[in-house]
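Below is one structure, written out as structure tokens; comments come after it.
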């Protein structure tokens, strides 16, 4: 027996994962878009006349975000100037293909597009980073570099705000990850619908209360052009464990995702708890709670051949690096003094003043224990 739509009494073709309501296709579109519009209005995300960059990766979330933002902007006259902003991490076989989808979206939605790359910004692609660090910690580099790359690209386009496709599932996963890490600073702000208000560019999440399943359903029924392959470097990502946990909990309690988000929103921190103070990086000027931002620390490690410098217990890696640097400088100074002593010697045959770097014709340092030099020829 056909099921009737909960709104129009027509023939229902789907059951909303979020509410359990049976809806026809058109009513689902309406409910989906109206909830996003309500989120935007209630949170006062935008002001008329602003230029807003849509973080576009070619995936389902960013493609649906670009489509709905354009639709709602025209329907409700937000007065926004929308542009697409993409980051090329340099992942062969993944990002190069997804960027082709973004370029098609640019034509389909008639929006300007800007692409910034890790190679241009940092001198490293993710392919080259993975060769250095391996698959275990590569997501740390990508996450840090990507956040900064989006901001830098947005500054190049002179936009007022950035919108990203972070959905309810993503935010719930972030809450769980920060709980497991005991990161009270990030846990306090990870459910905020707008972040970065104390920095150069605010970031907004219109999909904060939108389920990932519904985004997939919307893209499918609307026949939107999006790229669905997962990143080839993400199988061991820490986020994957949080995602698996939430999916298991959701089977027992369907409202688990929204419940986790509301729990994060209700979190309060005691006044006497010390939290990181937002400042700016002394090297690149990017916002940071430390004198040197995470991106600069990671980049320093890569450039010095010490890719683990910014991962885990940074102070230990930095101590090892500093000790190695001191040893290297000490060796260079010793060689320099030896060479200088050799050059100042009036008698090149007198090797008593020469060190290991001496290039004299008779070099005692090159003689082995088993060799028998003709000592009669040496000037003692």
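Placed from the backbone N, Cα and C atoms, the Cβ positions cover glycine too.
Remember, TrEMBL labels are computer predictions, not curated facts.
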Task: Among 266-312, 313-359, find the range that TrEMBL records as region 'Disordered'.
output: 313-359
- prompt: Which residues does residue 56 (ATP binding site) neighbour through Cβ under 8 Å, counting only same-chain ones at least six apart?
  reply: 62, 63, 66, 84, 85, 86, 102, 105, 113
Task: Determine the most Cβ-crowded residue among the binding-site residues 61, 170, using a 10 Å radius around each Cβ and all protein chains in the structure.
output: 61
Task: List the same-chain residues at least 6 positions away in sequence whose Cβ sits under 8 Å from the Cβ of residue 87 (ATP binding site), in sequence order, or say none.
output: 55, 57, 115, 116, 117, 118, 146, 149, 150, 153
Field: Cβ-Cβ distance under 8 Å to residue 165 (ATP binding site), same chain, at least six residues away
entry: 55, 57, 59, 61, 62, 64, 65, 207
